Structures are given as structure tokens and as C-alpha cells.
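Sharing a structure here in C-alpha cells format.
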Amino acid sequence: MEKFAGGLYTTSVEAFIPNTGRGIQGATSHCLGQNFAKMFDITFENDKGSRSMVWQNSWAYTTRSIGVMVMTHGDDKGLVLPPRVAPLQVVVIPVPYKDVDTAAIVNECKRIVETLEKDGIRADLDTRENYSPGWKYSHWEMKGVPLRIEIGPKDMANNQARVVRRDNGAKADVPTANLVEQVRVLLDGIQENLFETAKQKRDACLKVVNTWDEFIAALNDKKFILAPWCDEEEVEKDVKARTKGELGAAKTLCTPFEQPDLPEGTKCFASGKPAKKWSFWGRSY
């Protein structure tokens, strides 16, 4: 039922939001075949010199994936952006005190930003004087910037920088001579940590079921369900009708390319007919 109308077949990438127990389609790839070529008379000259109908494909990566990213990684402080897609990867904040050479601290911050940018790291400096450093910390945490670098008088004296991770709040004092290398290591670590954490949350929601009662229990528990299915459209429609309610009906999310072993004699969880494949089921946006 998810196949693109008029196409031969559709493949998709499905995301899952553990907090809501809902799937959301993040990307699709449609093999449209020659139906549309015949409809609009789209032809080409083949190697034999005659005319042939083209074969067409359609790919789409949805902007909904941005919403998935926000829901998957965000926390009570605001956004948490993976470094590879964050518009700003590092924000540098001067931390001046009374009777301290503020200009020297700001100049050091500028030098650090320039050094990071020369190495291809997306960095910026917050020199706004009408906000305190603490306010700026909260502001950039809410914006989801992966790394924050703080420079104060003690950091200047010790030729170091205080580096704070957005994903777990870990702090480290890094020598400025090694700052670029350490920032690279930290950004890679944040990327890997966010991915692994999200994958663990998803896997913790995965529930394998074999019967209708198990299916309903898992659905009401906001699970991402893998179930044996007879692969019949009418059965899929029936599941949708039987689960329709205030929270929305269940549907097939997608069928995994890598199929788990399907023992002989396995029955479809919904119809009791012989199962032909394993499919993912759940509620969706």
C-alpha cells in the first residue's frame, strides 16, 4: 500500500521516534518503470537506432528528516545537532573578569576561531557585551552547537581552552597548541555517540511478535514491531481497520531487505495464513 501509484516498486528509509512510538518516512526511492514514459511519450534512440521508452526513477529525501533529528537527539535544554550537519560546529565565548585585559581575551578567541576555520571547522565567536557568559552558554546549548570553547584569564595564563560537549556536558581543558586536533577528535566522538545512542534507543523499542495479542500489546506499549506477514494487501487493510482509534491506526512501515529466518510453518500474525516475510509495523506520522 506504500508503493508509489503507477510505479513498479518503492523502497524507503523509515525512522522511529521512541518517545511517541511512531514511525516516520525519511526517504523514498521509486522505480517508476515505463508507465509514465508511455503516458507522456518520453522516448530515446537505442543502440539499434530505433525508439524506446525510457525507464524512470524518483528519489526523495524529505525535510521531515530534520524533524526526526530534532526529536531523536534533542533534550530539555533544546537542540542537539550532530556535528556533520550542524551549521555551526564550535562557538567560542570569552569569559572576562573585572580588572582583566578583556581585549587580550577577545583577541585570543578571534585567533582560535580563525585557526579552526582554516582547518575547515565551522566556528564562530560570541562577543556580545550585553549578555553574561552564563547566558551565552544556555543560548548556544539551546541552539544545539556541538562544542563550546570558553577562554578566561586562567586559560590564557595556562595556554589552554575549556571545551564543553553539548551531547553529554563533559568538560576538558585542552592546550591551545593541540586545540584543532582535539576539536576534530571531539566532534567525531559526538557524532559517533549520538548515532550509537539513537540506535540503542531504537533497538530497545524493537519487539518481535508472532500473534495478534502480542501485536496489540506491543503497539500499545509504543513499540517498533517486527511480525511475520502473509504479504496480502487486504490483510494490511484489515489490520489498519482493526487498530483504528484515537492514537491512529497501525500500518506496515517497511519490509527489511535483510530478512530474519522464517521457519517453515510460520503463520501470519494477523490472518493466520502462511507467512511469506517479516515486516515492520507500527503507528506513524
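All residue numbers here begin at 1 and follow the chain in the order shown.
In case you wondered, yes, glycine gets a Cβ from its N, Cα and C as well.
It should be emphasised that the depicted structure is a prediction, and the values quoted were computed from it without experimental measurement.
Pulled these features from TrEMBL for this protein:
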type: DOMAIN; residues: 212-285; note: domain 'Proline-tRNA ligase class II C-terminal'
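Could you place the listed features in the three-dimensional structure?
Computed over the domain 'Proline-tRNA ligase class II C-terminal' (212-285), the whole-number mean pLDDT of the model equals 95.
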Quick one: DSSP breakdown of the domain 'Proline-tRNA ligase class II C-terminal' (212-285) into helix, strand and coil?
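Looking at the domain 'Proline-tRNA ligase class II C-terminal' (212-285) with DSSP, the answer is 19 helix, 20 strand, 35 coil.
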